[in-house]
Amino acid sequence: MPTESSTIILASKSPFRRRLMEDAGLSIMPEAPRVDERALEAPLEGTGVTPDEVALVLAEAKATEVSARYPDVWVIGGDQTLSLDDLIFHKPKDMDGARRHLLALSGKTHFLNSAIVLARGGEAVWTHVSIARMTMRPVKPAFIGRYLARVGEKALESVGAYQIEGEGIQLFESIEGDYFTVVGVPLLPLLAKLRELKAIDG
């Protein structure tokens, strides 16, 4: 449980996001947001809200909910959506879902929309969205099966059923965008803003 003296709270229980920020030198305390993401997202469907805007809505909801409980601490909230044409993908629930994701993405270009929000006193102070363009090579169903057998349930941890920092890189033909955007944490603009706010040493 974070305390009011924590340097920065991460509104997430993701060990990967926490490790990424700690490796960058941030003092992080995780706190799970009390947010129903699908309930927030459902009213946005069919309204013309773009996938990057959906990511921002969810990131802001996470950050401000936790910030309302810890108003004197900087809170980071993040979210990432994967969009293919007009579809927004969610994390696969099982290995069959992961297979369907990869088959749908095979040979096509999709986008990873990564939003990050800084909040304090229950209010969003700063928001940022970065977008990466991901082109997957045409992948045969048999290879997808072998790939999923090798990576196992790690495939269920990401919205695209792949981890670009691991064997998932073999699925791709080209990537346009910052590495940290691809993994869901636009770290460079976040660090720049934290330095500007004097929340970290700069």
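Cβ atoms here come from the backbone N, Cα and C positions, even for glycine.
Not measured: the values here are computed from a predicted model.
According to Swiss-Prot:
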type	residues	note
ACT_SITE	D79	active site, proton acceptor
SITE	F16	site 'Important for substrate specificity'
SITE	Q80	site 'Important for substrate specificity'
SITE	E165	site 'Important for substrate specificity'
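For Q80 (site 'Important for substrate specificity'), other Cβ atoms within 10 Å of its Cβ number 26. Taking the Cβ of F16 (site 'Important for substrate specificity') as centre and 10 Å as the limit, one finds 15 other Cβ atoms among all the protein chains shown. Annotation: D79 carries the greatest number of neighbouring Cβ atoms among the recorded positions D79, E165 [cut-off 10 Å, Cβ to Cβ]. Note on proximity: of the recorded positions F16, D79, Q80, the one nearest E165 (site 'Important for substrate specificity') is F16, by Cα distance.
Rounded to a whole number, the C-alpha distance linking Q80 (site 'Important for substrate specificity') with F16 (site 'Important for substrate specificity') is 14 angstrom.
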